[in-house]
Amino acid sequence: MKKFHIVKLGCPKNDADMEIFKGLLQSKGYKYESNPQLANYIFIDTCGFIEEAKKESIETIFEYVSLKDNNKNLKVIPIGCLTQRYFDDILKDIPEIDGLYGVLSPKTIVEKIENGEYFFKRDIPETLYDCKIRAIPDSHYAYVKIGDGCSRNCAFCSIPTFKGKPKSRSIEEINEEVEFLVSKGVKEIILVSQDNTLYGIDNYQKQALPDLLDKLNNIKGKFWIRVMYLHPDFLSEEIIESIHRNEKVLNYFDVPIQHISDKILQSMGRHKKRNELIKLFEKIRKEPSAIRTTLMVGFPGEKAEDFEELVDFVKEIKFERMGSFIFSKEENTKSFTLPEQIDEQIKKQRQNELMTVQSEISKNIMEKYIGETLEVLLEEKEDNVYVGRSYLDAPEIDGNVYIKNFGDKELTFGNFVKVTITGSYEYDLEGEIVE
């Protein structure tokens, strides 16, 4: 029996793709092997977004290629965004690989493997999976890709060049996948795409995310729905209201604004400016909600006063969750040739300062939850402490809830429990089970 191992890099959209890919391979008689040294195939799902991600992908390819020294039957095959973007360069610079696929649907890749065609990409990427077979994730949450591709053309972003235009799956197809996952015990469905506000623009000729959420909310069973990637420029009142009104949809808004200086936003190609963003957050907070944002430091032309404006804004809005990254100069983007590029050391200093400010804000926000009772999804146990997440916490990027006082009970992973918060940290909470 042929055995395969998967290495997932990059964003959660890759997680969704690889669960489909894994399920398809297993349906063809392949066996998943958790130990890469014992595999016949290693598939590396790469990321090509920014320099740091590209470097990680390349280093990972070399790391796994080295395993071939002790396993002559091993084939190492990179796939995904980096390979779509730099297909010919990778072929030339890493001859040790045994195959290379661009951005293709999992179904296409499996067909190529079955036919012995190990090097293939399309000029127009296949960003959506169209298969009902998928593996069940080891965790109690699952990423479901509702669409992919982007037409925003932000000045700093290369993604449209290798992901293409927005494409959406049908509501019926997504509903069927979510029903299947819930029937298998998945307790949190996380909807992902390059920009979820674009969902339905191509196939329904409108923003169809509210219709999708209304449909998914009617699926039987106890589970959460979390919506990621809401571009602020087209985050409409209808979308906000649909998140607020649907009981199973968490009041968690992932809205990456990138910056707040009107000058920098205009240079980035972002349409909503400072005052409009403030109004947007006010609309979201009409109902108790957690807002997560992502900010960029070091964009060309970012003066000290622009950065200070950003810091002051973070202090004013007090985001429940926040991430940041340093501007990366990427080929085939408008920002690649912009003047006034920022020194790398200054970029790092600004990022550190920004995250230090957010750390204190988060600490203060977490303290306010002491005494409150939250619903928590139990996920694991570490050193006699149960670990779970609340509506505040997307997996891997946000915090956790630690449950230390649970009496003599043995709690079940994947269950929802009520937890009274008794303590807090910078990003995490701790509490005890409500009897």
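Even glycines carry a Cβ here, placed using N, Cα and C.
Copied from Swiss-Prot, the annotated features are:
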type	residues	note
DOMAIN	2-118	domain 'MTTase N-terminal'
BINDING	Cys11, Cys47, Cys81	[4Fe-4S] cluster 1 binding site
DOMAIN	136-364	domain 'Radical SAM core'
BINDING	Cys150, Cys154, Cys157	[4Fe-4S] cluster 2 binding site
DOMAIN	367-435	domain 'TRAM'
Next item on the list: Can you check how the pLDDT averages out over the domain 'MTTase N-terminal' (2-118)?
Entry: 94
Notebook entry, point to check: How far is it from Cys11 ([4Fe-4S] cluster 1 binding site) to Cys157 ([4Fe-4S] cluster 2 binding site), counting Cα to Cα, in Å?
Noted result: 15
Item checked: Env. residues of [4Fe-4S] cluster 1 site, Cβ within 8 Å of mean position of Cys11, Cys47, Cys81 Cβ -> Leu9, Gly10, Lys13, Asn14, Asp45, Thr46, Gly48, Phe49, Ala53, Gly80, Leu82
Check: Given Cys81 ([4Fe-4S] cluster 1 binding site) and Cys157 ([4Fe-4S] cluster 2 binding site), what distance in Å do their CA atoms have, once rounded to a whole number?
Finding: 13
Next item on the list: Rounded to the nearest Å, what's the C-alpha distance separating Cys47 ([4Fe-4S] cluster 1 binding site) and Cys150 ([4Fe-4S] cluster 2 binding site)? Just drop the number here, would you?
Entry: 16
Check: Neighbourhood of the [4Fe-4S] cluster 2 site (Cys150, Cys154, Cys157): other residues with Cβ within 8 Å of the Cβ centroid, in order?
Finding: Arg152, Asn153, Phe156, Ser158, Ile159, Pro160, Gln194
Checklist line | Residues that sit under 8 angstroms from Cys154 ([4Fe-4S] cluster 2 binding site) by C-beta distance, when 6+ apart in the chain | finding: Gln258, Met268, Gly269, Arg270
Margin query: Neighbour count first, Cβ atoms within 10 Å, every protein chain included; then name which of Cys11, Cys81, Cys157 tops the list of binding-site residues.
Written below: Cys81
Next item on the list: For Cys81 ([4Fe-4S] cluster 1 binding site), just give me the three-state DSSP call.
Entry: helix
Next item on the list: Provide the three-state secondary structure of Cys154 ([4Fe-4S] cluster 2 binding site) computed with DSSP.
Entry: coil
Note to self: DSSP secondary structure for Cys47 ([4Fe-4S] cluster 1 binding site), reduced to helix/strand/coil, please.
What the structure shows: coil
